[in-house]
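Take a look at the structure set out below.
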Amino acid sequence: MSPARLRPRLHFCLVLLLLLVVPAAWGCGPGRVVGSRRRPPRKLVPLAYKQFSPNVPEKTLGASGRYEGKIARSSERFKELTPNYNPDIIFKDEENTGADRLMTQRCKDRLNSLAISVMNQWPGVKLRVTEGWDEDGHHSEESLHYEGRAVDITTSDRDRNKYGLLARLAVEAGFDWVYYESKAHVHCSVKSEHSAAAKTGGCFPAGAQVRLESGARVALSAVRPGDRVLAMGEDGSPTFSDVLIFLDREPHRLRAFQVIETQDPPRRLALTPAHLLFTADNHTEPAARFRATFASHVQPGQYVLVAGVPGLQPARVAAVSTHVALGAYAPLTKHGTLVVEDVVASCFAAVADHHLAQLAFWPLRLFHSLAWGSWTPGEGVHWYPQLLYRLGRLLLEEGSFHPLGMSGAGS
């Protein structure tokens with residue numbers, strides 16, 4: 001059957017998807033999606049004094065990126081800065097010029113998100129900004145304060161015992177680099193608005209290997225739709241699953257990856273920060289009860305699932321770091337999971353609920369089953385996940401998404 005004749009069926013599937021997703025999203029108002037399991041809140045680990053996250057220099061691709069030049073009020077780039085009048089944030093503004101309120105939109109979005117987290121964590125306490133955009137040259141050369149991409153923050157009560165946890169909340173709010181720099185403040189910064197790494201989506205490096213049903217191990221760059229790769233079934237057991245399409249395929253793009261290293265057995269997996277990985281807080285959890293977690297939220301001491309002998313087994317996370325590599329590949333399998341570098345991962349990214357994502361992709365799986373063929377994967381982000389991402393932004397809570405969003409989504 002030709003793709004042209006199948007198009008009406010696909011449109012019907014999308015309409016049916018909307019009918020399914022809208023009641024689930026709106027039926028309980030601002031609360032969680034109907035049918036989703038309530039998970040206990042994840043324990044937040046405060047940053048130690050002088051610790052920074054991610055554990056790379058601030059002006060590298062894996063963090064906030066390079067310095068792009070000072071912005072003055074008279075410069076063309078001044079229009080990139082926007083004032084922040086959020087009443088839930090206190091701005092010190094010691095210059096009395098309003099400069100501390102000026103920042104890039106990305107910085108503003110992260111700061112507003114952090115302000116909510118601060119009020120939830122400490123009722124009656126607000127976020128306080130001591131330094132924002134700097135036009136007077138008070139910071140070191142090539143400081144991101146000169147571009148409106150950095151802020152120094154405290155809590156309104158100036159309780160220094162809170163600053164380690166404040167730094168962790170800033171990481172969770174999506175700042176691209178957070179540094180517990182001083183006993184007097186926490187430093188946070190973001191990527192530039194037009195940075196190529198500003199949105200990461202969910203991918204693996206080109207050289208990451210998967211296992212085929214034949215037993216051969218191949219790089220993701222060599223995988224094609226129709227291949228059967230090792231994955232995890234709904235019951236937590238290993239299975240081989242058909243590769244349907246590539247949700248993202250960008251062979252020539254540099255990406256910043258989160259590197260998860262385990263011990264007993266040793267494994268090393270690189271994936272983008274917004275990608276979902278299955279984790280548990282102890283090794284006694286059955287595989288089917290491991291929860292989907294953003295890669296950027298995985299911490300040493302947690303457990304991930306790895307391919308062992310026999311079946312799948314937990315492995316303790318020993319270290320987490322960042323790495324920049326060329327190429328980005330995100331295959332979608334029939335089961336919505338795959339085993340990459342012998343570590344079990346979800347096929348999905350950007351949205352926190354793996355099961356909701358798997359449900360949302362059933363029209364694509366149906367279309368694939370009706371139009372089986374030897375398709376050559378194109379480059380870039382597939383249109384369907386972009387559509388779902390935009391739809392989800394309208395229907396789901398902000399907390400349902402990773403702060404870095406999805407590459408090419410235009411959000």
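Each residue, glycine too, has its Cβ placed from N, Cα and C.
Here is what Swiss-Prot records for this protein:
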{"type": "BINDING", "residues": "E94, E95, D100, T130, E131", "note": "Ca(2+) 1 binding site"}
{"type": "BINDING", "residues": "E95, E131, D134, D136", "note": "Ca(2+) 2 binding site"}
{"type": "BINDING", "residues": "H145, D152, H187", "note": "Zn(2+) binding site"}
{"type": "LIPID", "residues": "C28", "note": "N-palmitoyl cysteine"}
{"type": "LIPID", "residues": "G202", "note": "cholesterol glycine ester"}
{"type": "SITE", "residues": "D248", "note": "site 'Involved in cholesterol transfer'"}
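Features as recorded by Swiss-Prot, highlighted on the structure.
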{"residue": "E94", "record": "Ca(2+) 1 binding site", "Cβ neighbours (10 Å)": "10"}
{"residue": "E95", "record": "Ca(2+) 1 binding site", "Cβ neighbours (10 Å)": "13"}
{"residue": "D100", "record": "Ca(2+) 1 binding site", "Cβ neighbours (10 Å)": "24"}
{"residue": "T130", "record": "Ca(2+) 1 binding site", "Cβ neighbours (10 Å)": "18"}
{"residue": "E131", "record": "Ca(2+) 1 binding site", "Cβ neighbours (10 Å)": "21"}
{"residue": "D134", "record": "Ca(2+) 2 binding site", "Cβ neighbours (10 Å)": "21"}
{"residue": "D136", "record": "Ca(2+) 2 binding site", "Cβ neighbours (10 Å)": "9"}
{"residue": "D152", "record": "Zn(2+) binding site", "Cβ neighbours (10 Å)": "22"}
{"residue": "H187", "record": "Zn(2+) binding site", "Cβ neighbours (10 Å)": "23"}
{"residue": "D248", "record": "site 'Involved in cholesterol transfer'", "Cβ neighbours (10 Å)": "26"}
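Take the Cα of E131 (Ca(2+) 1 binding site) and measure to each of the recorded positions H145, D152, H187, D248: the nearest one is D152. Taking CA atoms as the reference points, D152 (Zn(2+) binding site) and T130 (Ca(2+) 1 binding site) are 6 Å apart. Within 8 A of the CB centroid of the Ca(2+) 1 site residues E94, E95, D100, T130, E131, the other residues of that chain are F91, K92, D93, A99, V129, G132, D152.
Long-range neighbours of H145 (Zn(2+) binding site) (same chain, six or more residues apart, CB within less than 8 Å of its CB): E131, G132, W133, D134, H139. E95 (Ca(2+) 1 binding site) carries neither a helix nor a strand DSSP state and counts as coil. H145 (Zn(2+) binding site) carries a helical DSSP state (H, G or I). E94 (Ca(2+) 1 binding site) has D136 as its nearest neighbour among the recorded positions D136, H187, D248, going by CA to CA distance.
Secondary structure at D134 (Ca(2+) 2 binding site), taken from DSSP and collapsed to helix, strand or coil, is coil. Each residue contributes its Cα atom, and for T130 (Ca(2+) 1 binding site) and D136 (Ca(2+) 2 binding site) those atoms are 15 Å apart. Each residue in E94, A99, D100, G132, W133, E135, H138, H139, H145 lies on the same chain as E95, E131, D134, D136 and has a C-beta within 8 Å of the C-beta centroid of that Ca(2+) 2 site, without being one of the site residues.
Here the Cα atom of E95 (Ca(2+) 1 binding site) is found 19 Å from that of H187 (Zn(2+) binding site). Taking only the Cα positions, the spacing between D136 (Ca(2+) 2 binding site) and D100 (Ca(2+) 1 binding site) is 12 angstrom. Each residue contributes its Cα atom, and for H187 (Zn(2+) binding site) and D100 (Ca(2+) 1 binding site) those atoms are 14 Å apart.
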